[in-house]
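Visitor: Annotation source TrEMBL lists signal peptide at 1-21. According to TrEMBL, the feature active site, nucleophile maps to 209. Among the features that TrEMBL reports, substrate binding site is placed at 237, 238, 239, 240, 260, 261, 262, 263.
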Ligand code: ASP
């Protein structure tokens, strides 16, 4: 057998990596579309397919950026934009309603390379809040802008504002009506205690916040999160998603995290930052660190939700303590994995 045939035979019998020069720098992305009460029975096959398709489209959009050598921040932003532009998720169009019947959106992004971060909270007229969060990071001296100030800043950055009704969807409105009816009923049983009534209600929320974490070929980590918050929230309420260290965190050499769940707990327990601190100071693996925070600390506290987390080598953890969590991952050279429940 001549040398060429021998090489071809060897290549066919071994993995292609052995035969062709290959760039070995790991890169990967994980995304989520929220965690909550997602029972198999509550999703029709058509709904499930639509959600899976959209998750795939989003993770592939981010993966494409990474594959071309692009940066993790761009990958995170592209994936989140796909989800913000879909009515299936609680971010951008499809955002949940406040108790008063409006929409107030929160988002944040963090660059693990520079430790810069940007966030917006309570914005009402920004189609893609993650884009504005990034502008806050890159074009302002601040980390977080809220409400009108954030929107006036947006105008200086050539954003156009959309009417609040842009975020309306009939299914979220129906959820609001349901939530209000339950709150009123619970208030009657709780002696008009609004806070206790809302707390009781959150157990049944379908969340839907979106987020992404990525590691690029240059070894840079990034994380981002975007949300409409929680159904029937009091106007002015700000959740964990725009709070760096709570809903979003990224630090090169350590990890990147985006969270979803009952924001008040994620803020008080500093969930995203705590996971990375465990990786950094206790040398826990990303799987152990994320699992300890979500499935031990948060559960003892009574907090529900989950995270997507990635480490410096591209290892990914996606733990959640709810019935389901919409998520997708894609690592270098592999196909996307889309999951809703624990095992599928
Ligand atoms: N964490 C979000 C919030 O509390 C809600 C969610 O993740 O669905 O605003």
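Counting begins at 1 with the first residue displayed.
Cβ from N, Cα, C; glycine included.
Automatic, uncurated: that is what TrEMBL annotation is.
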Visitor: By the DSSP assignment reduced to helix, strand and coil, which category contains residue 260 (substrate binding site)?
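Guide: Reduced to three states, the DSSP call for residue 260 (substrate binding site) is strand.
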Visitor: At the Cα level, what's the spacing in Å between residue 240 (substrate binding site) and residue 209 (active site, nucleophile), rounded?
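Guide: About 11 Å separate the Cα atoms of these two residues.
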Visitor: How big is the Cα-to-Cα gap, in Å, between residue 260 (substrate binding site) and residue 209 (active site, nucleophile)?
Guide: 6
Visitor: Would you mind reading off the Cα separation of residue 262 (substrate binding site) from residue 209 (active site, nucleophile), to the nearest angstrom?
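Guide: Residue 262 (substrate binding site) and residue 209 (active site, nucleophile) have their Cα atoms 11 Å apart.
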Visitor: By a simple count, how many Cβ atoms lie within 10 Å of the Cβ of residue 260 (substrate binding site), its own Cβ left out?
Guide: 33
Visitor: Identify which of the following recorded positions, namely 209, 237, 238, 260, 261, place a Cβ less than 6 Å away from any atom of ligand 1, and list them by sequence position.
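Guide: List returned for ligand 1: 209, 260, 261.
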Visitor: Kindly assign residue 238 (substrate binding site) to one of the three DSSP-derived states: helix, strand or coil.
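Guide: The three-state answer is coil.
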Visitor: From the Cα of the residue listed as 'active site, nucleophile' across to the Cα of residue 239 (substrate binding site), what is the distance in angstrom?
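Guide: Computed Cα spacing between residue 239 (substrate binding site) and the residue listed as 'active site, nucleophile' is 11 Å.
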Visitor: Around the C-beta of residue 262 (substrate binding site), how many further C-beta atoms are within 10 angstroms, looking at every protein chain?
Guide: 24
Visitor: In Å, rounded, how far does the Cα of residue 209 (active site, nucleophile) sit from the Cα of residue 261 (substrate binding site)?
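Guide: For residue 209 (active site, nucleophile) versus residue 261 (substrate binding site), the Cα atoms are 8 Å apart.
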Visitor: Report, as a single number, how many Cβ atoms besides its own are within 10 Å of the Cβ of residue 239 (substrate binding site).
Guide: 26
Visitor: Around residue 209 (active site, nucleophile), how many other C-beta atoms are within 10 angstroms of its C-beta?
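Guide: For residue 209 (active site, nucleophile), the 10 Å Cβ neighbour count is 34.
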